[in-house]
Amino acid sequence: MEMLIGGGIAALTIYAAANWQTNDKKKIVHVFNNLDYKVKDQSPALIKTYKTDVYTTYTYNVPYGLVDDPKLQVLEKVLNRPVKISFTNQKLHIKVYQQKLNKEYPYNVFASKGHWSIPIGMSQDGIIYHDFEQIPHMIVSGSTTWGKTVFMRMFMTHLIENNPDGVEFYILDLKGRLAFNRYRNLKQVKAIVGDHKESAKVLKMVKRDIKKDIDYLLSIDAENAKEGNIKTRKFIIIDEAGELKPEKSMSDEDREYARDCQSVMSYIARVAGQVGYKMIFGTQYPTKEVLDPQIKANAIARVAFRLATSVQSGVAIDQPGAEKLEYKGRAIYKTVDEHLVQTPFISKEEIWERIGRYNNVSPTNETTAERRTDIVEL
Ligand SMILES: Nc1ncnc2c1ncn2[C@@H]1O[C@H](COP(=O)(O)OP(=O)(O)OP(=O)(O)O)[C@@H](O)[C@H]1O
Ligand SMILES: [Mg+2]
């Protein structure tokens, strides 16, 4: 009996899937007609259907003179599923995904690739990873409450789990250190500061370290950290870089510190990537003023959560789109290619379960600020 029911359901599923695809094909033809996507009486001709578990691609020969048309994106609404359209060698490819992305993916579904790779998120085509050895600097933008801090804490956790003895963090949390304060005593966190003066000190210290490392690499004729067998990678996380922009409203002192910070951040972006230093530049306000051209030119990995306007999206990822992201944690990841992803969600409790064991509470009970001030005064 069970087999019969099972068989019945399977047959029904196969029938429904087949019907669904026929429907998709018909709907696509309707859309071509409605949009008048043809040349005279010549319409695109379906030449191939390719199906996997995740998507179906329909390939069309299109009449000479016809190219892809942004209006075809309406297919996403007509088919009510994600659609990717591409055009190569006079052929139109319409890739229709089976399912929409979920609104949340827990961190534990993202397998680790080890070393300096982090999961960026789940895309329609599977998990997307970023390798900091390939592209050292990253700009993370997004209006308030769309997921920047969760993302930064997620990748910090991931890198610590992958390389507990070979990673260092220098965190400039200009929102009063609240988001990262709990991690101040982790052995991998070398500095965490929350104001202009301390940020300038930490960045100057990092610059000194970079210069030392460059001298060392020169002395052994190595071109980069890997060749020079430098094992540790240093991540400079800046969570609200907009706060480091020199402003008239600042005190003269703070404006001077902000200028120092700008100059070192630009230096890190230009020269430090290959030496083993990675900068993550987080901002709510991706404007031309906040994003120094040198930083923008060198931080070629971009993660954009929802932004306020298409102009901001243009500054952050060189194209509109981030202003249309609908869910928290949904982002556009752009390097050479571009992917729509749902970034991994990890709670503070889970972070602590995973990396809390690296917490070094100092026996003298001194506060982090005191300890770190010692470090930054070096
Ligand atoms: N990847 C995610 N998946 C699902 N929900 C998320 C994700 N990331 C963030 N959220 C939700 O969005 C909330 C705000 O995220 P987060 O604190 O990272 O925002 P933010 O961009 O840092 O904001 P702000 O600029 O104000 O600091 C989280 O508390 C969580 O509820
Ligand atoms: Mg935040």
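The backbone N, Cα and C atoms fix where each Cβ goes, glycine too.
Residues or ranges marked as domain 'FtsK' in TrEMBL: 124-314. Model confidence over the domain 'FtsK' (124-314) is summarised by a mean pLDDT of 95.
Taken from TrEMBL, the feature ATP binding site applies to GLY142, SER143, THR144, THR145, TRP146, GLY147, LYS148, THR149. The Cβ of GLY147 (ATP binding site) lies under 8 Å from the Cβ of PHE305, LYS328, GLY329, ARG330, ALA331, THR343, each of these being in the same chain and 6 or more residues away along the sequence.
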Count the other Cβ atoms sitting within 10 Å of the Cβ of THR144 (ATP binding site), across every protein chain shown.
12
Among the binding-site residues listed here (SER143, THR145, THR149), identify the one with the smallest other-Cβ count within 10 Å.
THR145
Go through GLY142, TRP146, LYS148, our binding-site residues, and report the one whose Cβ sees the most other Cβ atoms within 10 Å.
GLY142
Applying the rule Cβ within 8 Å of the centroid of the Cβ atoms of GLY142, SER143, THR144, THR145, TRP146, GLY147, LYS148, THR149, what extra residues of the same chain belong around the ATP site?
GLN284, PHE305, ARG306, LYS328
Please go through the binding-site residues SER143, THR144, GLY147, LYS148, THR149 one by one and keep those whose C-beta falls under 6 A from any atom of ligand 1; give the result in sequence order.
THR144, GLY147, LYS148, THR149
List those of the binding-site residues THR144, GLY147, THR149 whose Cβ lies under 6 Å from any atom of ligand 2, in sequence order, or write none if there are none.
THR149
